[in-house]
Amino acid sequence: MADEPLVLGIETSCDETGVGIVRGTTLLADAVASSVDEHARFGGVVPEVASRAHLEAMVPTIERALKDAGITARDLDGIAVTAGPGLAGALLVGVTAAKAYAYALGKPLYGVNHLASHICVDQLEHGALPEPTMALLVSGGHSSLLLSTDITSDVRPLGATIDDAAGEAFDKIARVLNLGFPGGPVIDRYAREGDPAAIAFPRGLTGPRDAPYDFSFSGLKTSVARWIEAKRAAGEDVPVRDVSASFQEAVVDVLTRKAVRACKDEGVDHLMIGGGVAANSRLRALAQERCEAAGIRLRVPRPKLCTDNGAMVAALGAEMVARDRPASAWDLSADSSLPVTEPHVPGHHHHDHVHEVSKENLYS
Ligand code: KG4
Ligand code: ZN
């Protein structure tokens, strides 16, 4: 449909400068510049390095996305940007760029939530999200079960990790195994050649008295690290493939078990899995198996759309336009700890708050 909103989305919450362009639920461009190699030697993302890299990549990545989509910026119906959560300095680069482009072009600006974007991106792969949708969101910074009846306005957390995020656990175990950063993709690869039942690692928070939808990966992480240390102390080789497979199995077993249970308890027949860890091949396979057995339809975007990208931001922005959500005010600010319950970030609209707002902007 030609009248579907044409939206450009900017994502800079972590180490990927993502610029995506969508028309409604159709993906037109997905340009990503990553600074991951610059962080690799530090074993994790360095915020100042990420901010500087966003600044350098921003304009070229926007231009590449426009070229890939075969449009000019003037054709756009709106510009969406991740307003949080994420690294404050990194977010600020994206928010500032989005404001500058939107203001100069006279287009509406939409500040959106990174986590809701990870869910909404599946519209580009599988069409409109069913309502309600159960979402298992698993990334480097988050692991939660979310129930949404409208991705632009209603996202309800059922449970979340009480310590490490799932992706963080992958990254930390990869570091212990000296496999580099980020850890998820490389553990995924080694695990394919290993035995997932070789070592019985603990499944956190799965006892009868434990919170049914919360996660904990810190005990698992410690247990895996101790197991590896014991092998090394005994002068034995560490079986990297079996450790990877057994660790990975412990993570995805808990994730899928709890997600399926949440769907059953809430009477929801669709499960969406999003975030970087949703790129994991074993998570995708086990989720498919368990959803099928429970009569739940599974939706997982292709791996490239699971990790951070601009298309997901554009997808949520287009949904904001389609649902007539108000544009964000020009004083929209980045919020590094934006709650998952706020998919849309309006900024401050009221003129009687103007003094308060300008003071806040001065210091934030
Ligand atoms: O969503 P994302 O790109 O960034 C955040 O918002 O955090 O997720 C990055 C996380 C990293 O921890 C990375 O190790 C993990 O996703 N990841 C994976 C895989 N690909 C990326 N974890 C497990 N298996 C994978 N194939
Ligand atoms: Zn993410």
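Placement of Cβ uses the backbone N, Cα and C atoms for every residue, glycine included.
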Candidate sharing the Fe cation site with H114, H118 (per TrEMBL), from D308, D324, D331: D308
Candidates D122, D171, D265, the one TrEMBL lists with L137, V138, S139, G140, G141, G184, D188, N280 as binding substrate: D171
Binding-site residues: H114, H118 - member with fewest neighbouring CB atoms within 10 Å: H114
Cα-nearest neighbour of G184 (substrate binding site) within the listed binding-site residues, H114, H118, D308: D308
Candidates near ligand 2 among the binding-site residues S139, N280, D308, judged by a Cβ under 6 angstroms: S139, D308
Cα distance (Å, whole number) from D308 (Fe cation binding site) to S139 (substrate binding site): 9
Cβ within 8 Å of the mean position of the Cβ atoms of H114, H118, D308: remaining residues of the chain near Fe cation: E11, S13, T82, L115, S117, S139, G274, G275, N309, M312, V313
The one of G141, G184 whose CB sees the fewest other CB atoms within 10 Å, among these binding-site residues: G141
